Amino acid sequence: MSEKHPGPLVVEGKLTDAERMKVDSNYLRGTIAEDLNDGLTGGFKGDNFLLIRFHGMYQQDDRDIRAERAEQKLEPRHAMLLRCRLPGGVITTKQWQAIDKFAHDNTIYGSIRLTNRQTFQFHGILKKNVKPVHQMLHSVGLDALATANDMNRNVLCTSNPYESELHAEAYEWAKKISEHLLPRTRAYAEIWLDQEKVATTDVEPILGQTYLPRKFKTTVVIPPQNDIDLHANDMNFVAIAENGKLVGFNLLVGGGLSIEHGNKKTYARTASEFGYIPLEHTLAVAEAVVTTQRDWGNRTDRKNAKTKYTLERVGVETFKAEVERRAGITFEPIRAYEFTGRGDRIGWVKGIDNKWHLTLFIENGRILDYPGRPLKTGLLEIAKIHKGEFRITANQNLIIAGVPESQKAKIEKLAREHTLMDGVKPQRENSMACVSFPTCPLAMAEAERFLPSFTDKVEAVLAKHGIPDEHIVMRVTGCPNGCGRALLAELGLVGKAPGRYNVHLGGNRSGTRIPRMYRENITEPEILDSLDELVGRWAKEREAGEGFGDFTVRAGIIRPVLDPARDFWE
């Protein structure tokens, strides 16, 4: 439909202030280095507040005590969130031990937060510890460059322990894509690692002086698992194998979930199929997609700046043709692929070379020593003896990967002793939330702190209707920016106000359909009342193997979203 009325390739008009900031920043330096030495405030001032995002950090404060501090005439309790760049979520046990120590010694909350972007975050880093965290990461071969703001963010890769050989190849491509699309500015090394300034002019051959119009997310996905939720991402490489070997990728472009409440110019969108490419064209095509979005993306309105809106404005075929022109290739027809699920298989799975992989369920990805549940200590003890690696999944879980038969019993014993293998029901395994309160400045309603007890109540509803071992893919996100990926869930809750959510129904288990808003601005008891009725019908009327989301569509409870740019809000 979008091909019939293509819009302008470049949106004319007054540029946003973010564009001015990027030009003025001297390739992302700003005055961050000077600001670090200002002890009068715990935060970063002016442009630096936003510029630190390009260096992988967000300035936050503890919203639980914001009003109390204001009464005391104190500034908010500023602290930084730092997000590591970790393509494919792979981290060595040596690196894990370093981040465990930093979290314990130098953050307010003492936790490691696994995210659905397949990396980890530190919350609560005081300004005095900001430079040390970057130096600690560098000392173990990690960094936080380009994990936030208008760049290609952390590249995801299916954490598939079944296809170990294919995973190894796909993971290498995730790393290559991440490295290829990194900014070239030396600002990160100069500010955080004390590297000397070089008397040359910075050049950004791919990203340009003003970087991208908005955040940009990339995945490498191995069917039939859609664990990385490709339709939440701008650019997706779907692995195509022949005889167990990776031969190329299907490219899908223009997914994204972020919306604004009540703004009908915003919508969630699934990614569009562009075609198949052999492996040798991967980096050229990745660069071509990014530079096309760089040049054509809307820099006059950040709420309309993501790749999904560019595709709808110029037309999918026009965008695709430009990618072909820039990359010097012609897309081949899409090769057959299918997604059957996206959850992690909790427990032991045998891979190649007689190595085992243990997937541990980590509720909400929050790793901390709780009373009677010493999760953080348990993982540290495993890291001390495990010779393989850890893999963070896009479902916020953790895989102890590459365990030899001789170590299996020892690692399982440690996991069990530290409550890391306490069994949970399928509903809890298939539920996810973003961080939200108390640290996220955008939060409108609780998410991470709300989900565990809400899941208890959903489990009770399933049990009441005789299906205690069933599950609904359930996501809670504290605001419509959508970090919790609620707009690809069978049941998605989007925070509207404290204690109130918009309820979306009609996604599916494989994550290929956007759910539609079913009820607006309702409370937890109202959500559970609705769910009681809907689950009762699902239990009685469903067809064999029919998931909750598919049932709500087939039964006419909700209309499917078929063309989001036009029917998402209907």
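Cβ atoms here come from the backbone N, Cα and C positions, even for glycine.
Taken from Swiss-Prot, the feature [4Fe-4S] cluster binding site covers CYS434, CYS440, CYS479, CYS483, and the record attributes it to sequence analysis. If you look up Swiss-Prot, you'll see CYS483 marked as siroheme binding site, on the strength of sequence analysis.
According to DSSP, CYS479 ([4Fe-4S] cluster binding site) is assigned to coil rather than to any helix or strand. In this structure, CYS434 ([4Fe-4S] cluster binding site) belongs to neither helix nor strand by DSSP; it is coil. For CYS479 ([4Fe-4S] cluster binding site), other Cβ atoms within 10 Å of its Cβ number 23.
Within 8 Å of the centroid of the Cβ atoms of CYS434, CYS440, CYS479, CYS483, where the record puts [4Fe-4S] cluster, the same chain has further Cβ atoms from VAL435, SER436, LEU442, ALA443, ALA447, THR477, GLY478, ASN481, GLY482, GLY484, GLY495. Residues within less than 8 Å, Cβ to Cβ, of CYS483 ([4Fe-4S] cluster binding site) and separated from it by at least 6 positions along the same chain comprise ASN116, CYS434, VAL435, THR477. When the binding-site residues CYS434, CYS440 are compared by the number of other CB atoms within 10 angstroms of each CB, CYS440 has the fewest.
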